[in-house]
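Trainee: Before anything else, here's the structure in question.
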Amino acid sequence: MPTMDDILEHIGEFNFFQKQTFLFLALLSATFTPIYVGIVFLAFTPDHRCRSPGVPELSRRCGWSLAEELNYTVPGPGPEGQAFPRQCRRYEVDWNQSALGCVDPLAGLAANSSLLPLGPCRYGWVYDTPGSSVVTEFNLVCTNSWMLDLFQSAVNVGFFIGSVGIGYIADRFGRKLCLLITILINASSGVLMAISPNYTWMLIFRLIQGLVSKAGWLIGYILITEFVGLSYRRTVGILYQVAFTVGLLVLAGVAYVLPHWRWLQFTVTLPNFCFLLYYWCVPESPRWLISQNKDAKAMKIIKHIAKKNGKSLPTSLQSLGSDEEVGEKLNPSFLDLVRTPQIRKHTLILMYNWFTSSVLYQGLIMYMGLAGSNIYLDFLYSALVEFPAAFIILVTIDRVGRRHPWAASNMVAGAACLASVFIPEDLRWLRVTVVCLGRMGITMAYEMVCLVNAELYPTCIRNLGVLVCSSMCDIGGIITPFLVYRLTSIWHELPLVVFAVVGLVAGGLVLLLPETKGKTLPETIEEAENMQRPRKNKEKMIYLQVKKLDTPPN
């Protein structure tokens, strides 16, 4: 019985059809960027201070510069350099009274301005920015800062729920249908978020985007890896993620041109409507159709691929064989991810590695901070480090396999975090270099877990397995800010120690997984269970079938 990989060897593993489909799905990958990390620009918090009625008029009357206005009318920083009083408190002073002079106007009210009573920002805030963000529009600062945390958490909660639920639907009803539904909902909710009249509606549409956007991105990843042949599978998997990195660079440029969050949100969402044209451009996965015993539809798509690639399908491969026809239709179940011992082991290790990748990837960015005040350049520089990580994977993965580079990248990330704990502060250049090395290591691990995850599950539960395991990175995204900011308040280096332990353990666990280099995608649960064993029985069976076909009838 020929497998899908056998058929692709004859009709083209990465010819015109696969290249065209990859380009379409790579565009989908790039447009996921604004949802995943767009919070940097959509909800940036500029320097701000309480709005005090009468201050602008007094400043104009006295001819103050901005620095003089801030010095005379805004409380100074709090204890140990904390900015809370300056940003969240105001002098309880009537700035409209005519008795105030232009030189140290508070001198007549108190011998020392620190003795003046402070009150909350009852009249709103003044933000030092030429643009706008959800923070400046809805005043998500000071006592309302928890609303910004909720805004950030909502999309990760959506990622988590959507990954599990839509993963099941994609394996049950097909990749293409699920992809188109997620595209439509994502585009619609994105536009509605851009025109939301208040914070509540904005939060609801942000949650809906989270429910469908990551699931759609991962369905695209599954589709492209199922369309290409064995020798190209790892390359397109990594390049699909490189398209996400390209999206990071584009996002930085678009955000620089459009500093107002509503226009930015609207602009980065509109391209998603174009992806609805994929109904005519991207077919259903033949592998999924075969797993559902829809052989006629699968063969129709296979012939379409062959025609697009300018290849002819041999007559001997135009029948998918009787094994699929007599077998029962396979419906995916969450229990399939833990029912058998090897798949259960794969599931637990993959879930931990998704969690680790998210915590270290986001945690290192938060811990390092931005080296400067230009968020656009800082964002651009942080994105560029992902390109060499992808290049290293492409160069090494076929030479030494998946498992050892993956384990090494986790261990390098963990070791870099641990080493940076002992580097003194005065060697900042060395400290930043080591942390960047850790960032590169965890970027490699992030790309590797996405690649190998799809290779370890059989077709009938592949989409479900990827989405369920990857949901752990959403859990990591939710708790990472607490790990960084809470632990830093205890000991500044404590987050790095936690990152080191988590990364080193992840690297050790990866070594327990089977090597997938040079292996065909498993089609059944039995094949996935036997991945660490040679497939001698299957090879013998195919050989006997060939001998039988070659024998002339009596």
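The backbone N, Cα and C atoms fix where each Cβ goes, glycine too.
Note that the coordinates shown come from a computational prediction; the quantities given were computed from them, not determined experimentally.
So TrEMBL lists these for the protein:
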type: TRANSMEM; residues: 21-44; note: transmembrane segment
type: DOMAIN; residues: 105-518; note: domain 'Major facilitator superfamily (MFS) profile'
type: TRANSMEM; residues: 150-170; note: transmembrane segment
type: TRANSMEM; residues: 177-195; note: transmembrane segment
type: TRANSMEM; residues: 201-224; note: transmembrane segment
type: TRANSMEM; residues: 236-257; note: transmembrane segment
type: TRANSMEM; residues: 263-282; note: transmembrane segment
type: TRANSMEM; residues: 349-369; note: transmembrane segment
type: TRANSMEM; residues: 375-394; note: transmembrane segment
type: TRANSMEM; residues: 464-484; note: transmembrane segment
type: TRANSMEM; residues: 496-513; note: transmembrane segment
Trainee: The transmembrane segment (201-224): which same-chain residues, six or more beyond its ends, come within Cβ distance under 8 Å?
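Mentor: Answer is 18, 21-22, 25, 28-29, 32, 35-36, 134, 138, 150-151, 154-159, 161-163, 165-167, 170, 175-176, 178-179, 181-183, 185-186, 189-190, 192-193, 236-237, 240, 244, 282, 285, 450, 454, 462-463, 466-467, 470, 474.
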Trainee: The transmembrane segment (464-484) vs the transmembrane segment (21-44): three or more C-beta pairs under 8 Å (separation of 6 or more)?
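Mentor: Checked: the transmembrane segment (464-484) vs the transmembrane segment (21-44), no contact.
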Trainee: For the transmembrane segment (375-394), which partner among 21-44, 177-195, 236-257, 263-282 gives the most CB pairs under 8 Å?
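Mentor: Stretch with maximum Cβ contacts: 236-257.
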Trainee: Per-residue pLDDT averaged over the domain 'Major facilitator superfamily (MFS) profile' (105-518) comes to what?
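Mentor: The average pLDDT of the model in the domain 'Major facilitator superfamily (MFS) profile' (105-518) works out to 83.
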Trainee: If I count Cβ-Cβ pairs under 8 A between the transmembrane segment (236-257) and each of 21-44, 177-195, 263-282, 349-369, 496-513, which range comes out on top?
Mentor: 21-44
Trainee: Which sequence-distant residues neighbour the transmembrane segment (21-44)? Criterion: at least 6 residues beyond either end, Cβ under 8 Å.
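Mentor: Sequence-distant neighbours of the transmembrane segment (21-44): 129, 133-135, 140, 148, 151-152, 155, 183, 186, 190, 209-210, 213-214, 216-217, 220-221, 223-224, 227-228, 236, 239-241, 243-244, 246-248, 250-251, 255, 261, 264-265, 268-269, 271-272, 275, 278, 281-282, 375, 379.
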Trainee: Which range wins on Cβ pairs under 8 Å with the transmembrane segment (349-369): 177-195, 263-282, 496-513?
Mentor: 496-513
Trainee: The transmembrane segment (263-282): which same-chain residues, six or more beyond its ends, come within Cβ distance under 8 Å?
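Mentor: Tertiary neighbours of the transmembrane segment (263-282) are 20-21, 24-25, 27-28, 31, 34, 38, 41-42, 176, 179-180, 183-184, 186-187, 190-191, 193-195, 223, 251, 254-255.
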